[in-house]
Amino acid sequence: MSSALDDRAVAAPPNPPADHHTRGARFLLLLAVFLCAACGLVYELALTALGSYLIGNSVLQTSVVISVMVFAMGVGSLAAKPLRHRPVVAFAVVEGVLALVGGLSVLMLYAAFAWLQLYMPAMIVVSLVVGLLIGAEIPLLMTLLQRIRTQEASSAVADMFAVDYIGALVGGLCFPLFLLPTFGQLKGALVVGVVNAVAGVIVVVFIFRRQTGRLVKAGLLAGVALVLAALGTTYVLADDLEVTARQHMYADPIIHSETTQYQDIVVTRSTAFTGEPDVRLFLNGDLQFSSVDEYRYHESLVHPALSGPHSNVLIMGGGDGLALREVLRHEGVRHVTLVELDPAMTRLARTFEPLRKLNQGSLDDPRAKVVNADAFTWLREARQQYDAVIIDFPDPDSASLAKLYSVEFYDLLRRVLAPDGQVMVQSGSPFFAPKTYWSIAKTIETAGYATTEFQIDVPSFGNWGFVLARPGTEAPPLRLARDTPKLRYLDAAVLKAATVFPVDRRRTDVRPSTLMDPAVLEYVQDEWRDY
């Protein structure tokens, strides 16, 4: 008896309207399923990507968003059970609300981050609401599918989930390959919200128009029209809203900003206390340099590494062209390869006058070759050997960056490093993040290098550290090459003093970082949490 009751519970309504038993109606409903699935996955990806840009720690952001949304989807499915008696109206309302909340989700979270400093609580609430609404879609769509044509529950489930998964595939690919490059995060979410609203219109207007009373249908269509108007108005104002919110996060006027598929790029300009212009580059909110004192950082990063042979040089990272500028000052340099992940960064360094002026057009120097590729992947395929390697990656505050500070990465690097070559690695701050700094040094040593650690002061950064390394057991001397041009900051005395670490910042007991155990990611997230 229990089995019979269960079978009846999942069976389709016994008397589905005959006028809806058409292939066209079924196709349109499955199209709505496809659109809903694609939109749902895009919302999920948009939330995880935004969190990674604004907060970092992509693993945590992804885990929280997915966990909260999957939990909420289960709750939403249960909450939709009482609504199956009026599935057309319920589905239209769910789609309208989901279109509004999902479409505005990126803007709402960006505003919460910029003005309220409440990103994580807001992200959890938005993920919960979006998940509840997505979860309510499936049981309602299942009921509607059975009303079109009665079929076994297993067959209906198979059809529904097949289309659902295909829609998720398309949405997952569409987000990084089309929506982000074409519209950006904020406008992309708004466009997807419009698609979500269209899915509701398909059901109400084209499939079940005869089952919906005139007043109800008019009310639903009016609601959808309001949602579309809200999304459309926000789309028109999106650029101004984004600029206002973004400017609130930076002390100085923004002169350029763009969001690429890899990162958020912002350039600001103000007047320093000396009266000279202060141009600053930020990636995902983290300061990369100030034009007032960047020479201190880049002289320290480049010139000690070129104290040995330096005819053929490799730079990894440094898409702004400033490290390349310093390398090209050496007369002995014949060829430089710069590997930078984001083509938007190197394009900006070439064409945006404030950056081009700083890097002195280095990316267009005939001795320089720019390669836009993932450094880890490029290194696995590289065969040419280099006399010196300059590594200028951002701090390893995400899993994708932590792999570039791993034992495996430095193992690969040895394959392209000449036997007498040297490597310089920017390694963060020994003062603010000592465990991170010494973990990077230990990781390099674990990969078979001898190291020399040193630190400098960069006013816009504070204390900053580097690691000079070469294969073998003999630590490389910290010195300048004979053909070193006249420098503004470095000389022999400064380098000698730079190797002295105070007692409270000397080497500590830390783990090396590997792909399977990214210790440096753990350290950097812990030490930079309060800054």
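Using N, Cα and C of the backbone, Cβ positions are placed for all residues, glycine too.
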TODO: Would you identify which residue of E294, E299, E340, E408 Swiss-Prot lists as part of the S-methyl-5'-thioadenosine site it also attributes to Q263, D374, A375?
DONE: E340
TODO: Test the contact criterion for the transmembrane segment (160-180) and the transmembrane segment (218-238): 3 or more CB pairs under 8 Å, pairs 6 or more apart in sequence, then answer yes or no.
DONE: no
Open item on the list: Please list, in sequence order, every residue of the chain apart from Q263, E340, D374, A375 whose Cβ lies within 8 Å of the Cβ centroid of the S-methyl-5'-thioadenosine site.
Closed with: Y262, G317, G319, V339, L341, D342, N372, A373
Open item on the list: List every residue in the same chain as D392 (active site, proton acceptor), at least 6 positions away in sequence, whose Cβ is under 8 Å from its Cβ.
Closed with: L301, I315, M316, G317, G318, A323, Q426
Open item on the list: Pairs of Cβ atoms less than 8 Å apart decide it: which stretch in 59-79, 96-116, 122-142, 218-238 has the most with the transmembrane segment (188-208)?
Closed with: 96-116
Task: Collapsed DSSP category at A375 (S-methyl-5'-thioadenosine binding site) - done: helix
Task: Other CB atoms within 10 A, centred on D374 (S-methyl-5'-thioadenosine binding site) - done: 14
